[in-house]
Amino acid sequence: MAKEKFERNKPHVNIGTIGHVDHGKTSLTAAITKVLAKTGGATFLAYDQIDKAPEERERGITISTAHVEYQTKNRHYAHVDCPGHADYVKNMITGAAQMDGAILVVSAADGPMPQTREHILLARQVGVPYIVVFLNKVDMLDDPELRELVEMEVRDLLKKYEFPGDSIPIIPGSALKALEGDTSDIGEGAILKLMAAVDEYIPTPQRATDKPFLMPVEDVFSIAGRGTVATGRVERGKIKVGEEVEIVGIRPTQKTVITGVEMFRKLLDEGMAGDNIGALLRGLKREDLERGQVLANWGSINPHTKFKAQVYVLSKEEGGRHTPFFKGYRPQFYFRTTDVTGTVKLPDNVEMVMPGDNIAIEVELITPVAMEKELPFAIREGGRTVGAGVVADIIA
């Protein structure tokens, strides 16, 4: 059977379910597909079809993730759901599933639990910009005052991690009832209300082509009679012949002008996000730049050496370290196209970090790298990946 063409007639948004184990993330995902299937916006997927998500490898890390797609009247969604807590941690830190927004599922019967807190913290650290809350299992609560209490607790927790707790939509309902075909306010009605809140509250993300231009340099050539060419894949934005760019990272920042853009040996008017291009640079010699630097719009990104990060350390089974590391650990940090050595500083109350841990650290690199919040990186020892991380904050 021929593959259906992906219709781009609606804006596309990436979302996912987050929250404590057994609070109903996967049941909610199944319920959304069931309810939207009625209007032709989804194919119904039962709980066990979502729960047995296949394992994937992202930057050397094994992650189980279920990918579900559906659409509302206004939008097309790609939705990720992870079976296990460790999968969420890895997924969010590696950026394997970039989320434009998340649905936080909280059981009304239990209230916020340790993983509720951890997922909200991770969402804050890795830059998930918006959260909508589904207060699940409300059929198990008779007392409306208790429900209000849980709601207040959730709002306070969100505020603690700098989300706008007072204005975030909280939709009460029961994913199980919706799956059983209950058409009341807490069943199907709640799912429709949730999707309306997601449609309205989570903005359509800015497309990569609309952001300021950035291209990591993979290679540098000199072409006789033409000059110096930097090759790489455009990460975001667009670049036209005649535009001025900065070369950022590793060495002092330099400015230059793009005098040509080539792709597959053909000249282009402009290169855009996703294109593998060669950019001809005015007035530069082959030795003036190197792999690991980036070409970028003036002033759009700066070089830094000190940052805070959230990292996941690979377990021994994933091919990571067999032993813990301590403060002063000096691995290589792989950003975009290059490794830079850096020293790790651990939080005050942490003596050592075990393989399989998820931890907030501070890093100081020996050379500056073009960096911004939410930039993912790998931690390597002698070319072998031992961890993955994301920049949570820039210090210097």
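In case you wondered, yes, glycine gets a Cβ from its N, Cα and C as well.
Residues annotated as GTP binding site in Swiss-Prot: 19-26, 81-85, 136-139. In three-state terms derived from DSSP, His85 (GTP binding site) belongs to a helical segment.
Thr26 (Mg(2+) binding site) carries a helical DSSP state (H, G or I). In this view, Thr26 (Mg(2+) binding site) is surrounded by 23 other Cβ atoms within 10 Å of its Cβ, with every protein chain counted. If you look up Swiss-Prot, you'll see Thr26 marked as Mg(2+) binding site.
Here Swiss-Prot flags 10-206 as domain 'tr-type G'.
Residues or ranges marked as region 'G1' by Swiss-Prot on the basis of similarity to another entry: 19-26. Sequence-distant contacts of the region 'G1' (19-26) (same chain, six or more residues past either end, CB-CB distance under 8 Å): 47, 50-51, 66, 81, 83-85, 104-107, 110, 112-116, 119, 134, 136-137, 175-176.
Residues of the same chain lying 6 or more positions beyond the ends of the region 'G2' (60-64) and with a Cβ under 8 Å from any Cβ of it are 53-54, 82-84, 87, 90-91, 94, 96, 312, 314, 318-319, 378, 385, 388. As annotated by Swiss-Prot, region 'G2' applies to 60-64.
Long-range neighbours of the region 'G3' (81-84) within the same chain, counting only residues 6 or more positions beyond its ends whose Cβ lies under 8 Å from a Cβ of the stretch, are 16-17, 21, 25-26, 29, 50-53, 63-66, 68, 91. Per Swiss-Prot, region 'G3' is recorded for 81-84, and the stated evidence type is similarity to another entry.
Annotation comment: Swiss-Prot describes 136-139 as region 'G4'. Note on the region 'G4' (136-139): DSSP counts are 2 helix, 1 strand, 1 coil.
For Cys82 (GTP binding site), the same-chain residues 6+ apart in sequence whose C-beta sits under 8 angstroms from its C-beta are Gly16, Ala53, Ile63, Ser64, Thr65, Ala66, Tyr88, Asn91. Applying an 8 A CB threshold to same-chain residues 6+ apart, the list for His85 (GTP binding site) reads Val21, Gln115, Glu118. Sequence-distant contacts of the region 'G4' (136-139) (same chain, six or more residues past either end, CB-CB distance under 8 Å): 23-24, 27-28, 105-109, 147, 172-177, 186. With helix defined as DSSP H, G or I and strand as E or B, the region 'G2' (60-64) counts 0 helix, 4 strand, 1 coil. Each of the binding-site residues Gly19, Asp22, Lys25 was scored by other CB atoms within 10 A of its CB, and the lowest score goes to Asp22. Calculated from their C-alpha atoms, the gap between Thr26 (Mg(2+) binding site) and Val138 (GTP binding site) amounts to 16 Å.
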